[in-house]
Each structure stands twice: as C-alpha cells, then as structure tokens.
Amino acid sequence: MRQKFRFAAYVLAGFGLIFLALTIAGARLYTDWLWFQSVNYQRVFATIIISDLGLRLAVGLTFFVLLFLNLMLTRRPLLKVSQNSAIIREKDVLTIQSSPLSQLITPKLLLLAFIALSALMAFLFNFTVAGDWITFQKFLHPTSFGIKDPVFNLDIGFYVFKLPFYIFIYKVINWVILVSAFWVLAAYFVVYFIQGNPGAIFRNISARYHFSFLAAIFFGLKAAGYQLEQYSLLFSHHGAVWGPGYTATHATLLAYKVLTYIALLCALAILINLFLRRFKLVIYSIGVLLIASVLLGGIYPAAVQKFMVTPNEIAMERPYLERNINFTRLAYNLDEIEKRYFPAGRVLTAEDIRANQDTISNIRLWDWEPLQQTYGQLQEMRLYYEFKDIDVDRYIVNGRYRQVMVAARELNQEHLPAQAKTWVNQRLKFTHGYGIAMSPVNELTGEGLPAFFLKDIPPTGPTDLQVTRPEIYYGEASDQYVIVNTRSQEFDYPKGEENVFSTYEGDGGVRVANFLRRLMFAFSLGDYKLLLSSEVDNNSRVLYYRNIRQRVPKIAPFLQYDNDPYIILSEGKLYWMWDAYTTTDKFPYSEPYNKNDNYIRNAVKVVVDAYTGKVDFYISDSSDPLVLTYSKIFPGMFKPLDSMPEDLRRHIRYPVDLFKTQAKMYAVYHMEDPQVFYNKEDKWNLPTEIYASEEKPMEPYYTVIKLPGENKPEYVLILPFTPQNKKNMIAWLAARSDGENYGKLISYSFPKQELVYGPMQVEARINQDTTISQQLTLWDQGGSRVIRGNLFAVPIKDALLYVEPLYLQAEQSRMPELRRVIVAHGEKVVMEPTLDKALEKIFGEGATVQKSVQQPVDVTQPQPEKSIAELANTANQIYDEAMKKIKAGDWAGYGEDLSRLKQVLAELAERAGK
C-alpha cells in the first residue's frame, strides 16, 4: 500500500512539474506577445512564431510519420519471430515450449511502443531545427543580387536564399533515414538477442527487404548530397584560392558528377535486387561507392593538385585568383573604395595650422578608457549611477562643428547598498538613469580634467545644448524589469541632501490592466511579489527587456549587431543608435572575415528612445538584397532612411566594426593583379601603437578633418596601413559619415619612394627623445602612473600631424588627468602642457588663432612661494568652496576643488618642513 502511495505521489509530482513548466512557457509566450504589441511589432512576432512552430510541426510530423512507418514494417516479422516455439528433447520425450516473447511482445504493445518511440524521437529532433525558420522564410522571399557566379552561372541569390533550405531538407531526410535504420536494426536485434540468435537478423527475409529499401533511399539521397556539395565548392578554400580553383573546378567537380551517377546506379541496383533476391548486391553497392568516393573524391583531386597545379600554381590558378579577388571585393564593398594619391611630403607652416583650425580644434586629446574613469569620479554623483561606456560623436555647439565625448548616466541596481536592495527599491523606486555628461575632445581645465559641455544633475552647461527629457529607462545597464505608474513615486535624481521624485509619463511597457495579466507577469518574470504588492494597480506599467542589447535582437534576431551602441542627444531627448549588419556565408569566391561569414553590409540603423523604449529600424543600404528580403518577410518593419528625423540623421556615423572588417580585407584585396596578389608583394598590415605602456593594435578613430581636395571639414573614420613586415606608413583609409557622402570610402596611398613615418616609428622617436623620456621617468618615480594615450595621425593638406596625449594617474587615485600633449611633425617631436603650446613650439608663434584649451598648472614649474598662513587661508577657502559645491550637487566643481586643495596642502607640507 505504501509503495502504491509513493508511486502515485511521484506520478502526481511529475505531472505537477510538467504543468508548471507549461504554465511558465505559456506565460512567457503571452507576455512576449504583449511586449511585441507594446512596441508595435506584433506582426513580426506572429511571423516568427508561426514560421518557427510551423516548420517544427512539419519537420516533427515528417520525422514521426517516416519513423513510425518504418517501425510498423517490422511489426509483423517481429510478432512472427516472437511467437516461434522451441522443441526440447529429453531422453525420448519431445516437449514443445512456447517462446517467452509471445507473452511480452503483443500487437497492442508494439503499436504503443512504436508510437511512443516515434513521438519521442520527433520531439527531440525538433530541437535541432531551432532558428531554421529564417532559412525557410528567406527561401520563400528571395531577392536577386544581379550577379551570377562564374561556375554554374546562377544568381548569387540562389546560394544565399535557396541553397541553405535545400541543404536543410537534405539533412532532415538524411537523419530520418539514419535514425529509422538504427531503430529498425535495434528492434530486430532485441528480439533475436533474447532468443539467443542475433546472427539470424540478416537471414530474415523481411529484415533484408527492409534494409535494402532504406539503403536504396540512402544512396538516392547521397546522389542529391553530391549535387549540393558541388554548389558548396563555391565557399570552400583550396590552396591559394578562396572558392573553387583549378583542382576543384576540373577534378572535384567532375568527381561529384561521376559519384552522383554511381550513387544512383547503386540505388537502382539495390531496388532491382529486391526482385532478384541477390542481397550481396547491397554490400557490393556500398563497397563500390566507398571505393569511388576515396578514388574520385580524394585521391584523384589530390593527385591533380600535387602533380599539375602546385608546380605551375600561379599560371593555372590565375583565372580563379581573379574571381577570388573580384568577388571578395564585391562582398565587402571594396570595389566602391575611391583611390586617391597623398603626397605626404609637405612640411606644414603656421599659416597651414591657422587655416585648418576646424581640424585642430577637433583633434581628440581624451581617450575613452581614462576618460571613463574620470567621468566616473566627477559625474557619477552617487554609487548607483554608472557610465557604462564613453561614445564619440559630433554636435553643432554654439554654432561650431565640434567632436565630443558623451556618456549616459545609467542606473545600475547592482551598485545599491545591500540594505537598500529591497523589492520596492529595485522594482518601483530606482527605475531609471538620469542625463548625460558631455565634453569636447580637446578641452581641459587647469587641473587636467575634462571641460564639460553638459554635466551634473539635472544636466547643465555653458553651451546651447539642452536636455529636456533626461530620464533613461532603456540602456546598456538596464538589465532588470521595473514597474512604473505605481502608488509609489520613483526616485528621479539626488539634489543635495534630498531626493527628487517623479512619475513616468511615457507610454512604454505593458499595462498590468487586470489580474490575469498580473498573474502571467508573475509567472513569466518569476516574481510572486508582483502578484502580492499593494503598490501595483491596473494602471501600472511593466517595463521589461530594457537592455537595448536584449531588446533590439528580441525583435530582429536575424541581424548582426555592432559592439558599440551610442547615446544621442536630439532636440532635448535621449536616443540610442545602433548599427546592424546583414551577413551571409554563401557568397561565392569570397574570403570569410570571421572564419564563417563572407559578406557584410551595414544595411540597418536602429534607433531606441531611451525614455519610451520605442524601437525603429531604418534601411541604410537599400541596395542590399538581404535587407530587401527581410523587408518582404516583415512588411512595414523597416523604414527608409529618409524618414528618420533630420536631427537624428546628423548623428549617423560609419560603424567601427564594419570599417575594421573592410580595412582588414582591403589590406590584402587592394591588390587586384593576380600575380601580385599570389605573391603578396604589396600586402599591408594594420598598424600597432603604444597604449599605456604596451604595444597594441591601433584602433580606427573618428575625427573632424578637411579631406584633401574637399572644401569643408567633415566627420570621418580613419585607419592607417603599414607595409608587411615594415613600420612606415603606406596608406590610410577614410570612411565619410556626413550628409550625402555617408558611407563613401577613400583610400589615400603614399608615394612608395618616400618614407612616411608610421605609428610605431613615431612612438620610437618619442621614446628616443631625451627630454620626454626623462620627464616620463621622473613621473613614474614620483608615484604617478603615466598613461600614454592613443596616437592620432591627422591629415592636414598634404601632410600628417601626429598627436598623442599623456595622462597622469596617482597610485591611490582612479582619476587620470591629462597633463601633456606630444606632437610630431617632420623631424620634430615636442611635449607641452597643451596642444596649442606644442603647435606653437613646432610652427612658431601664431600657429593657433584661438585658445580652446585652458592653461593647466605646469607641475614642473616652481610657483611663487607663499607664507604658511597664506597657504592655510587658501586651503580653507578652497575647502569652503568645495563644501558649497557638494550641497549644490556640482560634483565636477567639487572634483576640481579637491585637486586644487591637494596641491595647496602639498605645498603647505613642504613649507612646514622647511
């Protein structure tokens, strides 16, 4: 009785767990539907769900039916075998003994077992097709590339949209046949093994017919597989060529055609054998195909490669190298790069510097890594605020085109004190970040700190930039769901010793509305307190999927995304802009950039409202067939770029990830001559630089410059190139970001007969300068860490100006200060407290017409001595000013006062020591 009760309890618990799992899954599906409705992408959700479930259902049913039919074919022979009786002779007595299997294997039991096994295998197999719904949809909505491959003369759209689905179908049917063969063999084996005669399986005529039939289907599928493998040659790597070279085109391709016919003949032979009953033909067919595969698919191509191609590789591979070069350039848009000549031999004058003040005033002196620490110390204000990242952008500030560093002040609930991590605080009170900090790339205070355009809470500054909607509910640090419009007001921002509270005024999130939704949210979010809280009512709104790195891919999982979404201030509101890419690994003759994909376009710009969470997708490359196909699959999802608000459009920039990929490929594929390409005679490298104290790859950098031959400064992304195994600069690549020039790439090549210093050569000259090296050593010995910033090669007219900032960071401080600027031009290398002074030292007085950088205190200059009383009085005054700024919430000013106080106290200690 106790055992029956325990068994019943286990069964009940099992059903309870299944019911709970189904309830949670159903709740998540329901709340996802509500979420997609809230962002107006319910059609996208419906398309994804219907496509995914429809494909899974079709594959699952196909798998179930085919496996079940195969198992049912074993039913009669298994029943017959299991009912065989055994005759036992003892002395002169014959005893007929029925098989024990006759009691175990019954028609009903076999039927139930076959249904259960087929259903289980179909269910498990369904997990392998997760995500293949997009392959199916692309198959249904292809777009022509307008380019045909040179081998099969098919449009590239066939390989991108059609071929993946054919491969998918082939794999599914192949697995069905293999799994069916396994379970059919297992069923026969179990019966004969129990009877003690497993070797009799293949003497069973039914089993032999069954396996022959499966083998015939397998060989027929193998023939189809060889046809698909012919197409797959276009994305393979053979010798010096990406894509099919001479061997693949003349040997491997021929081998696949012959193997296709051999596989079909083997399938036909096996079918004929069903009538001839010479079952050795099955074994012979398998042997023939295996031998042919080794000879034709392996040995023959290898022999052609070794004895024909390798001794004459360049001559025989030349036409295929041309294809490789041309198609790779197409795949990465390298064929659109405009080539220009850059003399680089000019020596700049003071007049040149004055004439290019728009460029000079936008040279970036602040690197994002040290600046992130400085922002954190000066502008995070409270421990729960966080600057997740520092972004680079450009704005019209007081009528001038300025490059700036900008960061969103997000709220990170993980940084709340342990005692403050209550449910009410984390879900209802601390719901959003607040405002941004923004500083020009080239300005600093007298203490080596950034000079802010926007700072503090609420955001204020000395410019015409204004933030009217500073709340950040959606960002990069918003990982938890929150509930707004509750009976509790939300914490808005700190103000001195008090806090300001607010209520959400947007339409983001999903209304609780009724008890059913509340219950579903409790299940899907795994939070029963949501169900019990008296602070939440029907008008409350649940904000979830708030992290943009989760929010955007939730809507468009078929796109690839850039590593750096960036914050934008537009008409007083805050937005996130994120670059999205369309990619494929099925572009013929193209070399992959990440060991997989061999085609990429920045076809989509995504904009997310930081307050409401609204997500908009804009097509930034309407010539891309992939994004056109996605537009067919999801009508109305993608908007034309022209419909983006004009002020937001001003902040579109060429994405770094795409630029790095193109630069990496262009370093090789700028060589268009097959002979030069084969020998890698003119291969370029991406340069390295000294950052902090280590040699690291040089990153592309944004800057505002007047490109050679252009009339006005513009926002561009730049990266130099160096020759292979050399350190001098050979060229630089620029990507334009402004207006109608957006997306245009220009390659500037230097004359090969002239030496143009590369980044590491400039770094070496800095290290060899005795004045600079001595000063760096003194700072290191004095307890300060010297951080060498990014080295920038700034093109001005037909010359290059190198600029590298230096930061000092005290051992006990987390706030690096910008203390020196190194400038190199021609044969001169100087280090000065400011960029203006460095330029004047190289080019003479009057090289700069405006002082955009405040004069910092020169830490090496002796100051006029003051009395101890004067110093003490000054320290008290600075301390009082700092306390006032704390009460006013001016944390940047407080940080500056602390730096001043530190210097005065150090001088006071020195005077007291005397």
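Cβ atoms are placed via backbone N, Cα and C, with glycine included.
Listed features, source Swiss-Prot:
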| type | residues | note |
| --- | --- | --- |
| TRANSMEM | 7-27 | transmembrane segment |
| TRANSMEM | 48-68 | transmembrane segment |
| TRANSMEM | 109-129 | transmembrane segment |
| TRANSMEM | 173-193 | transmembrane segment |
| TRANSMEM | 209-229 | transmembrane segment |
| TRANSMEM | 252-272 | transmembrane segment |
| TRANSMEM | 281-301 | transmembrane segment |
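Within its own chain, the transmembrane segment (209-229) has Cβ neighbours under 8 Å at 70, 73-74, 163, 166-167, 170, 173-174, 177-178, 180-181, 184-185, 202, 256-257, 259-261, 263-264, 266-268, 270-271, 273-274, 279, 282, 285-286, 289, counting only residues six or more beyond its boundaries.
Highlighted: of the candidate stretches 7-27, 48-68, 281-301, 48-68 has the greatest count of Cβ pairs under 8 Å to the transmembrane segment (109-129). Within the same chain, residues 211-212, 215, 219, 222, 247-248, 251-252, 255-256, 258-259, 262-263, 266-267, 269-270, 272-273 sit at least 6 positions outside the transmembrane segment (281-301) and bring their C-beta atoms closer than 8 Å to a C-beta of that stretch. Using a Cβ-Cβ cut-off under 8 Å and counting only residues 6 or more beyond its ends in the same chain, the transmembrane segment (48-68) has close neighbours at 29, 114-115, 117-119, 121-123, 125-126, 129-130, 132-134, 136-137, 172, 175-176, 179-180, 183, 557.
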